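So that you can see what the record holds, here are the features copied from TrEMBL:
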ACT_SITE  ASP76  active site
ACT_SITE  GLU148  active site, proton acceptor
BINDING   HIS74, ASP113, GLU176  Zn(2+) 1 binding site
BINDING   ASP113, GLU149, HIS376  Zn(2+) 2 binding site
DOMAIN    189-306  domain 'Peptidase M20 dimerisation'
Amino acid sequence: MSIRPSVQRFIEYLRIKTVQPTPDYSTCTKFLQRQAQELGLNFQAKEYVAGKPVVILSWPGTSPELPSIILNSHTDVVPVFEEFWDYPPFEATRVATDAQGTDFKIYARGSQDMKIVGHGYLEAIRRLKVEERRQLQRTVHAVFVPDEEIGGHDGMQQFVESPEFAALNAGLALDEGMANPDKPLRVFYGERAPCWVKFIARGNTGHGSQFIEGTAAEKLVPIIDHLMQFRQTQFQIYKTPHDDGSQRTLGEVTTANLTLLKSGVQQNVVPESATAGFDIRMTPAVDYAGFRRDLEALAEKHGAETEFVQFWDDNSTTATDDSNPFWPAFEQAVTAQGFDIFKEIFPAATDSRYLRRAGVPALGVTPLCNAPILLHDHNEFVKESEFLAAIDFYAAIISAVANAR
């Protein structure tokens, strides 16, 4: 059975080894430039950091003065442990799901996260612009950014501060979501903010056989206890259903995990310093600045210092009602395809946070329902039927929001 051209192009994209820490952005950019030429799209590639291009493929609308639509995706993927994969992670191997070959699994790193989205955009544009010869009112920009998997600092963060971004006059952005093992379509309208903090205590040292007062550990332990108690409180909230019986999501609570402990040079020497590191993800309902002040006060109370390895200070979310002029069109296009929408706060971080802080409403959605969550996992795959359905999905969504008044 022959492979559909759209699937073949998807496989080609998956085979480009844009894996951290040395992603092949050059080959990826050439692939995207070829897609732009085939589709008659305007093409530009801008490096705000050398070797890390932001690529923009633009489809001008009939009313280019209207705020535009950004279709955002990242091109990089996370590392792999090939010994745990059943198939080579950058071969995009097609494996039949049954003896008749009615469907196929395509195994590849980045298939879910998030090349099905990025290439789904392109195939949807191909259908609308080339095959159906449609014209949309608003200009549509398919944006492919680097380095999202390592924080986006050299990619989207740089891009949103650039004159090229300002020139897009963006009104709405679509970005990545997450698969759902259940039926509803997850639509992310915000995300939790990272707070990676180290508490560093210094104290008296001496022989391990003595009662030495004012040690680094004595100062650090109550800080750890406080945050572990906070963690347990949030965990209890998470496990408590809503009044209607529905389960809470991670996005509704703040998680805190002790991820780093460092101290000591020898078993019989009381250490001069001790460090505890926490990975905290703050729900947007939290006053981020106030939360940071509380952590600093906690450290000061016990004679320790704080070092914020990463701290996000903006808790903007995207409206999912009529106050957002794009939401009614988005919602109608989604439900018309038979999806039930489940609105959610993304539990981790995506490049949407940079867009929202720049004032651009962003919705994260990956049209994978009744599908396992495989991002960053071994044997990551999407079904061929899921990819083809994603083209249908994005064609409808792009048409709806780009023609929204």
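The count begins at 1 with the first shown residue.
The backbone N, Cα and C atoms fix where each Cβ goes, and this holds for glycine too.
Caution: TrEMBL annotation is automatic and unverified by curators.
Keep in mind that this is a model prediction, so the values were computed, not measured.
Recorded features from TrEMBL, shown on the structure.
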| residue | record | CB count, 10 Å |
| --- | --- | --- |
| HIS74 | Zn(2+) 1 binding site | 27 |
| ASP76 | active site | 25 |
| ASP113 | Zn(2+) 1 binding site | 25 |
| GLU148 | active site, proton acceptor | 26 |
| GLU149 | Zn(2+) 2 binding site | 22 |
| GLU176 | Zn(2+) 1 binding site | 23 |
| HIS376 | Zn(2+) 2 binding site | 14 |
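Within 8 Å of the centroid of the Cβ atoms of HIS74, ASP113, GLU176, where the record puts Zn(2+) 1, the same chain has further Cβ atoms from SER73, GLY110, MET114, LYS115, VAL117, GLY118, GLU148, GLU149, ASP175, THR350, LEU375. Residues VAL77, VAL78, GLY110, MET114, LEU375 surround the recorded Zn(2+) 2 site, their Cβ atoms falling within 8 Å of the Cβ centroid of ASP113, GLU149, HIS376, which are themselves excluded. Here the domain 'Peptidase M20 dimerisation' (189-306) has, by DSSP, the following mix of helix, strand and coil residues: 41 helix, 39 strand, 38 coil. Note: the Cα of ASP76 (active site) and the Cα of GLU176 (Zn(2+) 1 binding site) are spaced 13 Å from each other.
Ranked by CA distance from HIS74 (Zn(2+) 1 binding site), the recorded positions GLU148, GLU149, HIS376 have GLU148 at the top as the closest. Checking each of the recorded positions ASP113, GLU148, GLU176 against HIS376 (Zn(2+) 2 binding site) by C-alpha distance, the shortest gap belongs to ASP113.
With respect to their backbone Cα atoms, GLU148 (active site, proton acceptor) and ASP113 (Zn(2+) 1 binding site) stand 11 Å from each other. Separating the Cα atoms of GLU176 (Zn(2+) 1 binding site) and GLU149 (Zn(2+) 2 binding site) is a whole-number distance of 12 Å. Of the recorded residues, GLU149 (Zn(2+) 2 binding site) and ASP113 (Zn(2+) 1 binding site) place their C-alpha atoms 10 Å from one another.
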